[in-house]
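Colleague: Sharing a structure below in structure tokens format, with a few things to ask.
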Protein chains: 2
Amino acid sequence: MDDAMSGRQPRVLIHDPTLRDGHHAVRHQLDREQLHAYAAAADAAGLPVVEIGHGNGLGASSLQIGRARLSDEEMLDTVRGALTRSRMGVFMAPGWGTSKDLRNAVALGADVVRIAAHCTEATVTERHLDVVRSHGAEAQGVLLMSHMASPEQLTEQCALLVRFGAQAVGIFDSAGHYLPADVTARITAITAAVDVPVIFHGHNNLGLAITNSISAVRAGASIIDATARGFGAGAGNTQLEVLVAVLDRLGHSTGIDLRRLLAAADTAEEHLMPAPPTIDSISLVSGLAGVFSGFKKPVLETARRQGVDPIQLLFELGKRQAVAGQEDLIGDVARQLKQDLTRADETSPTTSTERQAP
Amino acid sequence: MDDAMSGRQPRVLIHDPTLRDGHHAVRHQLDREQLHAYAAAADAAGLPVVEIGHGNGLGASSLQIGRARLSDEEMLDTVRGALTRSRMGVFMAPGWGTSKDLRNAVALGADVVRIAAHCTEATVTERHLDVVRSHGAEAQGVLLMSHMASPEQLTEQCALLVRFGAQAVGIFDSAGHYLPADVTARITAITAAVDVPVIFHGHNNLGLAITNSISAVRAGASIIDATARGFGAGAGNTQLEVLVAVLDRLGHSTGIDLRRLLAAADTAEEHLMPAPPTIDSISLVSGLAGVFSGFKKPVLETARRQGVDPIQLLFELGKRQAVAGQEDLIGDVARQLKQDLTRADETSPTTSTERQAP
């Protein structure tokens, strides 16, 4: 079959957070052997950047968010020893991490440092982007839960990240909520406004992660995040080896050896995860509702404890635009739903089920 | 976030072959209880058509292709008893099934009967389409492994199916090889040439099943196949509940109750499959090479037995345009590869690995 799109297209830089975003799927419990096995395989395949750490980034290991098996230092030290060609990346969200964490990470060999902010709060990244630059690592700025902001807002926020010194900026579809047209509109607006590489990070809740990533590339993004087998919370991330194969068919080179990448993905499936992510009903609804994938486990636990419908709970959390860090809201909304249902049952037996329709 | 595409769009008829194409993933071993549980759940969700049977269709249960646990009669009888609203569908490929199988299926309550042919062999369907029409069931004609034919060839073949009496015609991406632009080109050409509903059936080897199905709808297809959790061989089919949710966000109504559909998908995951399909390295390469998904198991077994690389074997089978029924070719190609590798090793130790690059 003829590949309608083939012919040379812009080169794409693949950024691989398998050992950071994938960490969410195993409650941050990867050990030295697992980190080394995957990092070495990704390095052999020629991945440009291998990002590692606690799922929520530097300094995030804690009782509330979840303790990682290894310290940031142990993870950085292990992966540094496994990389010969790939650059080592780290991620930090101000509030969870500090300037000290950034200095340590750069001292331990981090080449690329991403400072992340909620999609409307780029201002919180100024000091940290400056710390990264001043210590000589590449500084990138990324906006989380970006479906909650308009193309105009995201463009303004990305311009701010560049003003703060970000050498690449972009958006995360943290909830896996985007349709391709949403990605095209946002990346087109951002690329038109900034003069640094633009990043897109997708999730697969609606089965559109590969397509959304391709839409981002066509709209001008040049750095795309993807993880081996889609390793990540809920429905998982954009599947790395699939993306590289599709980009190749579309004429975009990535500099990655597909055969070695398939071996790395097999290593990931065998050594990192109980099973590759799939789109179950809760993950699908989470994407529809626009709720952060990390909420899946607490939502299921709370729904069971409170005796409410987890799907209804997710749609309610979506309406209230809950974001990571607001896990407390899950219990509040669940209790509210339970009260409404009880009242509804007292008045009309059908109301509660009617209300459950999405 | 605003759904860029929302607003009323053409209605889409979802055709659900979970209990037929999904059957490949469990070597056709579903029992009465499993068939009844899923068919009843799909019926409750309002699926327009529930297709059932041996993975290869009516009359295909055999030693060579694989014996089903139940006879066609037992399967039809069981599902008929579970359906109150959904129409019952069956699939038949001339050569595996006969006119007698068709008459029995219609007598047992099949409402929609698909006659399938390789993408360039529509002529083999004439008599069987006529038998279906003459017994009062809806006759549909579908072309398998359609990536092996050009838009022009497929259009000509679909026009032939209509001339033979097909009341709906379409194409199967049996190998999961298409990129969205390939689907758009083919469905656009077919819809322009025929005056009956056009069908698209996708597979997810390249992570594009949802997007390819949406591309088909935008190009004019009005009947889309999808299975619960993507239940199917290899990387699986277009995931039914995800497709319905995305079509809804794009403004296309399907008449399906999403909440009940999610329950049906949960039932499928719990009762039909060991685990939902994922895109492993072999399935990805199978899609890239354009090889029928059903070849996955025999290819892995043959490669192990002959000591050759299954990925190289798949690319070779793709080059030779192997199609279902040509399983013998797998062994022939494997033996040839082994001879080449042996010779290569005798001459230059690097040749064999070089040749392995895709």
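The backbone N, Cα and C atoms fix where each Cβ goes, and this holds for glycine too.
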Colleague: Which of these, A:ASP21, A:ASP31, does TrEMBL say binds Mn(2+) at the same site as A:HIS201, A:HIS203?
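Modeller: Looking through A:ASP21, A:ASP31, the residue TrEMBL assigns to the Mn(2+) site is A:ASP21.
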Colleague: Let me know which member of A:SER61, A:SER62, A:SER174 TrEMBL also records as binding substrate at the site of A:ARG20, A:ASP21, A:HIS201.
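Modeller: TrEMBL lists A:ARG20, A:ASP21, A:HIS201 binding substrate, and from A:SER61, A:SER62, A:SER174 it also lists A:SER174.
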Colleague: Nearest to A:HIS203 (Mn(2+) binding site) by Cα, among A:ARG20, A:ASP21, A:HIS24, A:SER174 (recorded positions)?
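Modeller: For A:HIS203 (Mn(2+) binding site), the spatially nearest of the recorded positions is A:SER174.
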Colleague: Going by DSSP, is A:HIS24 (active site, proton acceptor) part of a helix, a strand, or coil?
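Modeller: It is helical.
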Colleague: Just report the maximum Cα pair distance in Å for the recorded substrate binders A:ARG20, A:ASP21, A:SER174, A:HIS201, no decimals.
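Modeller: For the residues that bind substrate, the greatest Cα distance is 14 Å.
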Colleague: Are there any residues in the same chain, six or more apart in sequence, whose C-beta is under 8 angstroms from the C-beta of A:HIS24 (active site, proton acceptor), and if so which?
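Modeller: Counting only residues 6 or more apart in sequence, the Cβ neighbours of A:HIS24 (active site, proton acceptor) under 8 Å are A:GLY55, A:GLY232, A:ALA233, A:SER293, A:GLY294.
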Colleague: Under 8 Å Cβ-Cβ to anything in chain B: which of these binding-site residues pass, A:ARG20, A:SER174, A:HIS201, A:HIS203?
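Modeller: Contact set vs B: none.
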Colleague: Is A:SER174 (substrate binding site) helix, strand or coil when read with DSSP?
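Modeller: DSSP assigns A:SER174 (substrate binding site) to coil.
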Colleague: Please compare the binding-site residues A:ARG20, A:HIS201, A:HIS203 by how many other CB atoms fall within 10 Å of each one's CB, and tell me which has the fewest.
Modeller: A:ARG20
